[in-house]
Structure formats: C-alpha cells, structure tokens
Amino acid sequence: MIFILFIMAYILLGLAAWVNGDPRRVAYPTDSQGYFCGQKGTPNENKSILFYFNLLTCTSPSVVVNLQCPTTQICVSKCPERFLTYMEIQFKYKNDSEYWTYYSQFCRTTFLKPAETLSQVLLDNDCPSAIYPSKPFLQRCFPDFSTKNGTLTVGNKTVFDDGSGKTRNAAELRRAANGINKALDARAIGVKVFEDYAMTWYWILIGLTIAMFLSWMFVMLLRFTAGLLFWIFTFGVIGIIAYGIWRCYLEYSRLQEQPSSRLNAYTIGIQTDISMYFRLKQTWFALMIILCLLELFIILMLIFLRNRIRISIALLKEGSKAIGYLPSTLIYPALTFFFLSVCISYWAVVALYLATSGAPIYKVIAPQGHCEHENKTCDPVGFNTTEIAKACPGAQCHFAFYGGKSLYHQYITTFQLLNLFVFLWLINFVIALGQCALAGAFASYYWALKKPDDIPPYPLFTAFGRAIRYHTGSLAFGSLILAIIQMFRLILEYLDKRLQEAQSNISKFLKCCLRCCFWCLEKAVKFLNRNAYVMMAIYGKNFCKSARDAFNLLMRNILKIAVMDRVTDFVLILGKILVAGCIGVLAFLLFTERLPVIIEGPTSLNYYWVPLLTVIIGSYIIAHGFFSVYAMCIETIFICFCEDLERNDGSTEKPYFITPTLHGILNKKQLVPQKQKNGRFRKKRWFC
C-alpha cells in the first residue's frame with residue numbers, strides 16, 4: 001500500500017510539474033529580461049539567436065553557457081558579420097545612414113540616430129560598444145575564430161578595437177570563449193559522427209543481430225562446454241604462474257652472478273624509479289616465493305574442492321538445459337528494458353519540468369565582482385534608477401533562473417529529491433520483479449519430477465502473474481531497502497563534489513570509508529535480495545521470512561556458494577568477452593575495408609572506431625542481457641538444489657528432484673538415517 005501511495009504521489013508530482021513547468025525555457029535561449037528567443041507569438045519570434053554585448057567580460061566559458069555572463073544579452077535575427085564600434089558609427093552615420101541601420105539591430109532599443117555619447121550608451125546598456133564577426137552556435141553568437149598562417153584571427157584580423165579605445169587581440173577573445181570554441185570543434189566532430197552512423201546503421205544492426213544469435217548459441221552449448229572452458233582456464237592460470245616462477249628464478253640466478261648482487265633495498269633506499277628495485281635479486285626472490293605460495297594455494301584448492309567444482313560445472317550444464325526447455329526466458333530482458341526505459345523517461349521529463357517551473361528571477365550581477373548587493377533579487381524595470389545601481393556602478397539586473405515564492409516553488413528541491421528517490425525505488429522494483437519471475441519459472445523446471453513432461457505450461461507467464469499478484473509488497477520492500485542505500489550513496493557523492501575544496505585529510509579519509517561501506521552494503525543487500533526472491537518464488541513467503549531462510553540456507557552451504565559464484569562468474573565473463581570480441585573483430589575488418597573479397601562494407605568513414613565501439617558495446621550489452629537470465633537460472637537451480645538435498649533423501653517417499661547427471665555426481669552423498677535409542681525421532685546426517 002505504501003508503494004502504491006508513492007506511485008500515486010509520483011503521478012501527482014508529474015502533473016504538478018507539467019502544469020507549472022515550461023520546457024521551452026531549455027529549448028530557447030533567454031535574454032537579460034527573461035524573454036525567449038525565437039518563440040512564436042512573441043516580439044522575438046524572428047529573433048532566434050542570443051547576442052552578448054561584451055563577450056570579453058565573460059571570464060569563463062561555463063558562465064556564458066549558463067547565461068550568467070555579466071553583460072547585456074538580447075535576441076537578434078542574425079549574428080554580426082563585420083567589425084564595427086559605436087564611435088565609428090557616429091562618424092560614418094553622417095555620410096551613410098546604412099551603417100547605423102546595420103548596427104542598430106544589435107541594440108536593445110531603437111534609435112533614429114546614434115546621438116548619445118558612448119558613456120551614456122554603456123551606462124544605459126542600450127548598445128554594444130563594438131561588434132565582431134560571429135557565427136551562431138546553440139542559438140548563440142560566438143566569435144568566428146580561424147587560423148591564418150598559424151596565427152589565431154577573428155574575421156581575418158589578429159587585433160581589433162573593443163569600442164572603448166583599447167586594442168585587443170584574438171587571443172583575449174579566445175580566452176573568454178575558450179570552452180565555446182571547443183564546443184564548436186565538437187560540433188564538427190558530431191556532424192562527422194552522424195555521417196558515419198548514417199552510412200553504417202544497417203551494418204550495426206546486423207552485428208547486433210549476430211551478437212544475439214552468438215549469445216543464444218553460447219548459452220545453449222554450455223551444457224557441453226562448461227567443464228572444458230573451466231579446466232582450460234584453470235590450467236592456463238597454473239601454467240602462467242609456473243612460467244612466472246621460472247622467470248623469477250632465472251632473473252634471481254642472473255643477478256646472483258653479478259658483482260652488484262650484494263645490493264639490497266636498505267642500500268638503495270627509497271627510489272622514485274621503480275625499475276631500480278627490479279635490479280635487486282631480493283625483489284625477484286620475493287616474487288618467486290609469492291608466486292609459489294599462490295600456485296600451491298590454487299593446487300590445494302583444486303584438490304580439496306574438486307567435488308564442489310564438479311557440482312558447479314554440472315549446475316552450469318543444468319542451467320543451459322533449463323533455458324533450452326524455457327526459451328521464453330531469454331526474451332524477458334526486453335520487457336525489463338522496456339519498463340526501465342519508461343521509468344527513466346518519466347524521471348527525466350519530471351526533472352525537466354520541475355527545473356523549469358516558476359517565473360523569471362533576476363539577480364544583481366557586478367562585472368568586477370565587488371558589490372555588497374551582488375546575487376540579490378532585483379527588478380530589471382527601472383534598475384538603473386535604484387540605490388543598488390548607484391552603490392555599485394556598472395552593476396546589472398539580469399535573468400538568473402526560474403522560481404517563485406509560492407509553497408510549490410519553495411519545495412522544488414524537495415520535489416527533485418522525491419523524484420530521484422521514487423525513480424530509484426521503481427528501477428529496483430522492476431529489476432526485482434524480473435528476478436522473481438525468472439526464479440519462479442526456473443524453480444518450476446527444477447521441481448518437475450519428470451522433465452520436461454511435468455513442467456507446467458507457460459511457466460514464465462505464470463511466475464510473472466504470481467509475482468504481481470502475491471509478492472508486490474515483498475518486492476517493493478526489498479527494492480525500498482536498496483533504494484535507501486543508493487540514495488545515501490548519491491547524497492554522499494553530491495556532498496563530496498560540493499565540499500571538495502574545503503575537505504581536510506581526516507574528512508577525506510572518513511568519506512572514503514563511508515563510500516566503501518555503502519558500496520559493500522549495496523552489494524551485500526543485492527545478493528541477499530536476489531536469493532530472497534528465489535525463496536519467495538519457491539515457498540510464497542514474505543520478504544523477511546524468505547530473506548532469513550535464504551541467508552540460513554546459504555550459510556549452511558557457504559563453500560558451495562563460493563565455488564559456484566567463482567565458476568559462474570568466470571564462464572559468464574568469458575562468454576561476454578567472447579561474443580563482444582568476435583563481433584568486434586568482424587566489425588573491425590569490415591569498417592577498415594579489410595574484407596573486400598568476402599563482402600563490401602562501408603567506405604570513406606570519418607571515424608571507423610565510432611560504429612566499431614557502438615557494435616562492441618551493443619554486443620556486450622546484449623550478451624549481458626542473455627547471461628543475466630542464465631545467472632538467475634544458475635542461482636535458482638542452486639538454491640533449489642540445496643533445498644532438495646535437505647528436504648529429500650532419495651527414497652521412494654522423498655525422491656530427489658535432481659537430474660540423473662547431478663545424482664551421479666552425488667552418488668557418494670547418501671543420507672543415512674540413524675535411529676535414536678528412544679525411537680522418538682530420526683537424526684539425519686551427511687556422510688561423504
């Protein structure tokens with residue numbers, strides 16, 4: 001019920017944001033008066049570009065982008081195309097009025113002639129002191145920089161008059177808009193990237209389709225190759241470590257015969273050049289000892305855990321067989337992706353409408369930054385006649401952001417936090433729902449005595465409906481715990497970014513400890529939740545009881561879990577790398593035109609690595625979606641397997657539900673009931 005109330009509140013929050021917000025405030029640039037540039041039905045309808053009076057006052061590029069540059073900003077229909085100053089116009093106007101007609105379109109108010117003095121114009125912010133050749137970018141006018149014979153120029157000039165009698169060079173203007181010019185370069189790169197995507201989109205789709213097929217094939221073939229892959233990897237690691245031991249011994253023997261063999265770490269002291277330590281025989285001897293111990297540890301683990309490793313490999317094969325009987329489970333990640341896309345889209349839209357809610361708020365901005373009234377709220381109408389303008393010469397009243405004094409606007413920040421929290425809750429709920437539905441489907445496979453005859457029809461659909469009907473509250477509770485932990489982590493990261501410069505060494509140490517603790521806590525809760533959902537799908541109990549039963553069951557089989565997780569992780573990581581690597585190699589050969597004999601791919605790509613990375617990352621994501629189903633299958637079968645061994649003894653009354661393959665591995669594990677002397681009960685004990 002709490003979860004449903006939060007969803008209803010989330011919907012109401014979205015409606016309130018939709019009523020009060022205006023995303024046009026993001027789409028259109030805003031002038032110093034808070035009016036949109038290019039908005040239809042307004043005086044600025046034909047003026048879609050924002051023009052800055054004096055870009056040189058913008059000391060950082062981020063200030064320009066955020067519309068907080070301490071200079072007047074107006075909407076214009078086009079950017080300036082030549083150099084002109086206000087003082088030049090006053091002289092040229094007498095001979096040709098066309099100059100003033102051109103210059104006046106960049107003034108805030110309309111004048112019949114440039115009669116006011118330069119000081120009066122600058123004081124009233126009516127016109128810019130000078131204009132420079134500019135080009136529109138992101139609906140804003142930025143200087144038209146170019147390079148001529150290795151020298152930076154603006155409109156083919158290296159120096160120019162700023163309108164106040166000072167001579168400026170292009171480098172000064174470049175520093176004021178350095179980040180913007182990087183964005184201009186990024187625009188050119190973006191156009192080329194778009195062209196590459198336009199030429200290769202169908203090849204990308206073909207590559208992702210092949211990745212989907214390879215992922216399915218890998219999962220299906222694991223029943224035959226899981227053991228081979230694991231042992232090849234294991235003996236490969238043993239061989240690599242053995243080679244390392246041999247290499248360390250050779251280096252130690254070589255250094256032993258040299259005159260400098262008496263040197264040690266105490267003799268050379270602390271060195272910044274790490275290669276100095278590799279000239280010591282003690283370093284190679286220590287590495288050889290470490291590798292020998294590691295080799296011995298791996299061999300002993302393989303010897304003593306060989307039966308558990310065999311069980312893990314058999315479970316991997318059983319998981320592949322289960323997916324073969326339930327192929328619909330491989331489609332479920334697409335449904336999860338759809339739900340996640342809806343949640344992410346709704347969160348983004350609500351956040352956008354909340355950020356653009358309210359009326360324009362104006363703040364006092366001082367070009368020199370020395371004003372006691374700076375950042376105070378002001379009214380642009382008649383600002384020059386107020387006491388603030390007299391106390392701070394040159395101060396201006398500019399649009400800052402959107403807000404208000406109503407109760408709704410006072411809690412915008414709280415609503416943004418609520419939006420983020422419910423978003424995290426919904427995301428975790430969607431993931432939990434998928435895990436519970438898949439667990440229910442795979443559990444129905446395991447507990448079928450005769451496979452596949454006893455598997456119920458439509459197991460995934462039935463498990464999904466059962467999870468929605470009976471376990472919504474439990475899934476919401478488990479995802480709520482995870483959302484709270486993630487919210488604390490995000491708040492901690494936010495505070496770290498805001499207080500980064502004011503942190504001491506102690507606070508940095510505590511911050512790192514907190515981040516580590518919350519990260520570990522999130523991982524532990526995710527693991528426990530996943531197993532709780534499996535128990536929930538099997539027995540139908542609530543979250544707390546399922547989590548307790550799952551924890552106790554896992555603790556009784558801790559060694560099996562450790563081995564199972566490592567074996568599963570290795571196989572799945574290897575599968576993801578294999579799928580992404582195969583598709584990546586084929587895409588590389590295709591996009592670099594190295595397969596002209598077999599197939600003719602796209603030619604003349606600007607950046608071949610753009611579609612290449614898209615194919616590799618997309619293939620990895622597809623493989624991850626397939627293997628996440630497989631991982632859930634293995635985990636469910638493992639939980640059922642442990643429950644089966646504890647609940648049943650292989651007799652006619654209590655038969656094992658495990659397959660003959662697993663039963664053959666466990667044929668040495670027999671449950672021997674021992675009658676107690678009082679005959680009241682039997683005690684079950686495992687013998688290997």
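Just so it is clear, glycine is given a Cβ too, placed from its N, Cα and C backbone atoms.
The feature signal peptide is assigned by TrEMBL to 1-16. According to TrEMBL, the feature transmembrane segment maps to 201-222, 228-246, 284-305, 330-355, 417-448, 468-492, 570-591, 607-627.
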Stretch with greatest number of CB pairs under 8 Å, the transmembrane segment (330-355) reference, 201-222, 228-246, 468-492, 607-627 candidates: 607-627
Contact between the transmembrane segment (228-246) and the transmembrane segment (284-305) (3 or more Cβ pairs under 8 Å, separation 6+): yes
Ranked first among 284-305, 570-591, 607-627 for CB pairs under 8 angstroms with the transmembrane segment (201-222): 607-627
Most Cβ pairs under 8 Å with the transmembrane segment (570-591), selected from 284-305, 468-492, 607-627: 607-627
